[in-house]
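Trainee: Just passing along the structure, written as structure tokens.
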Amino acid sequence: MEISLLTDVGQKRTNNQDYVNHYVNRAGRTMIILADGMGGHRAGNIASEMAVTDLGVAWVDTQIDTVNEVREWFAHYLEIENQKIHQLGQDEAYRGMGTTLEVLAIIDNQAIYAHIGDSRIGLIRGEEYHQLTSDHSLVNELLKAGQLTPEEAEAHPQKNIITQSIGQKDEIQPDFGTVILESGDYLLLDSDGLTNMISGSEIRDIVTSDIPLADKTETLVRFANNAGGLDNITVALVSMNEEDAE
């Protein structure tokens with residue numbers, strides 16, 4: 001397994017409210033965490049870094065070695081972090097703080113993930129890009145209800161309004177999923193600064209190109225910037241080899 005992480009402020013923003021990192025626990029199991037923060041001043045920066053770092057530090061201290069244990073851990077620790085960031089957000093300086101969250105652990109040939117917000121996790125297998133997560137957003141709710149066409153959703157003025165975030169008052173309802181991995185698969189975690197700028201087919205073409213993994217993440221970010229770079233752009237790309245998929 002090989003991992004490449006990259007974050008970029010983009011072309012229009014003055015600060016980067018995204019955060020990404022990866023961690024290994026005492027059983028040697030890898031977790032990748034990506035967050036896209038929101039809130040005035042530095043609240044978004046703090047929320048995203050805090051969520052990633054708190055969860056990462058907690059993961060490093062575990063001996064978790066099974067998919068079922070990971071799912072229980074996700075359910076427990078994501079709500080703890082939600083309440084922690086919500087409490088901090090009561091301070092006037094951090095009013096409105098919150099963050100999306102993508103958390104993915106790899107146990108042998110399985111990936112298990114938790115999803116909150118409108119960042120995304122995708123699987124690139126062969127010549128196909130599969131979006132594994134469904135955005136927790138107002139526009140996606142309208143789309144699923146048949147009140148918007150995909151074209152209308154793409155250009156909707158309220159596209160950035162999310163229906164769930166880490167830091168909300170109510171208990172979060174994360175989406176969980178697992179994927180059986182095959183040799184040659186790629187997993188991509190990204191903030192919406194990537195997927196709002198480039199298509200799934202462009203992502204697939206870059207990820208399956210014959211260049212080193214770090215060059216693939218750089219190319220993804222460069223394409224998003226060339227398309228306008230309207231937001232911070234963050235990617236975590238994981239390449240699975242034969243030993244991982246056995």
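A Cβ is built for glycine as well, from the same backbone N, Cα and C atoms used for every other residue.
Copying in the features that Swiss-Prot gives for the protein in this structure:
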{"type": "DOMAIN", "residues": "2-240", "note": "domain 'PPM-type phosphatase'"}
{"type": "BINDING", "residues": "Asp36, Gly37", "note": "Mn(2+) 1 binding site"}
{"type": "BINDING", "residues": "Asp36, Asp192, Asp231", "note": "Mn(2+) 2 binding site"}
Trainee: Hey, how far is Asp231 (Mn(2+) 2 binding site) from Gly37 (Mn(2+) 1 binding site), Cα to Cα, in Å?
Mentor: 12
Trainee: Measure from the CA atom of Gly37 (Mn(2+) 1 binding site) to the CA atom of Asp192 (Mn(2+) 2 binding site) and give the result in Å, rounded to a whole number.
Mentor: 11
Trainee: In the predicted model, what is the mean pLDDT computed over the domain 'PPM-type phosphatase' (2-240)?
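Mentor: So the average pLDDT across the domain 'PPM-type phosphatase' (2-240) works out to 96.
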Trainee: If you skip the near sequence neighbours and keep only those at least six away, which residues in the chain come within under 8 angstroms of Asp36 (Mn(2+) 1 binding site), Cβ to Cβ?
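Mentor: Once residues fewer than 6 apart are set aside, Asp36 (Mn(2+) 1 binding site) is near Gln17, Asp18, Ser48, Thr99, Thr100, Gly117, Asp118, Ser119, Ser191, Asp192, Gly193, Asn232, Thr234.
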Trainee: Once the chains shown are all counted, how many other Cβ atoms turn up within 10 Å of the Cβ of Asp231 (Mn(2+) 2 binding site)?
Mentor: 23
